[in-house]
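Features reported for this protein in TrEMBL:
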type	residues	note
BINDING	His7, Arg45, Tyr107	substrate binding site
DOMAIN	4-109	domain 'Transthyretin/hydroxyisourate hydrolase'
Amino acid sequence: MSQLSTHVLDTALGKPAADVVIRLEQLIDGRWEALAQGATDADGRLKAFCEDLACGQYRLTAEIGLYFAVTQRETLYPTAQIDFVIPQNGGHYHLPFLISPWSWSTYRGS
């Protein structure tokens, strides 16, 4: 089994993004099924989001449009989605969101 964690950094402000809603879904029989939902803390983190992921295809969605609306900034992206695969050998997956009003990116962290 694998573990998943994430965090959101507002690169335009150079600080963590608090209260960003994040959803985790798994692709099962051709349909996305909800597994978990939470919001980032004051440090922009959602620790131990899911601790028992089996191998398969997943989607992590951050509701960044809501975050930018609360901070009174226009954005091009209502959501940021990371589709990823957990292989058979598992491990820990830390998938952060680096966001700004006009771009976002990710990487596999530790």
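Any Cβ shown, glycine's included, is placed from N, Cα and C.
Features recorded in TrEMBL, as mapped to the structure shown.
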residue: His7; record: substrate binding site; DSSP class: strand
residue: Arg45; record: substrate binding site; DSSP class: strand
residue: Tyr107; record: substrate binding site; DSSP class: coil
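Every protein chain shown contributes to the tally, and the Cβ of Arg45 (substrate binding site) ends up with 18 other Cβ atoms within 10 Å. Taken over all pairs of the listed substrate-binding residues (His7, Arg45, Tyr107), the Cα spread reaches a maximum of 15 Å, rounded to the nearest whole number.
Counting Cβ atoms from all protein chains shown, Tyr107 (substrate binding site) has 9 others lying within 10 Å of its own Cβ. Cβ contacts within 10 Å of His7 (substrate binding site), excluding its own Cβ and spanning all protein chains shown: 21.
One way to see the shell of the substrate site is to take the Cβ centroid of His7, Arg45, Tyr107; the remaining same-chain residues with a Cβ within 8 Å of it are Ser5, Thr6, Val8, Leu9, Gly44, His94, Leu95, Pro96, Phe97, Gly109.
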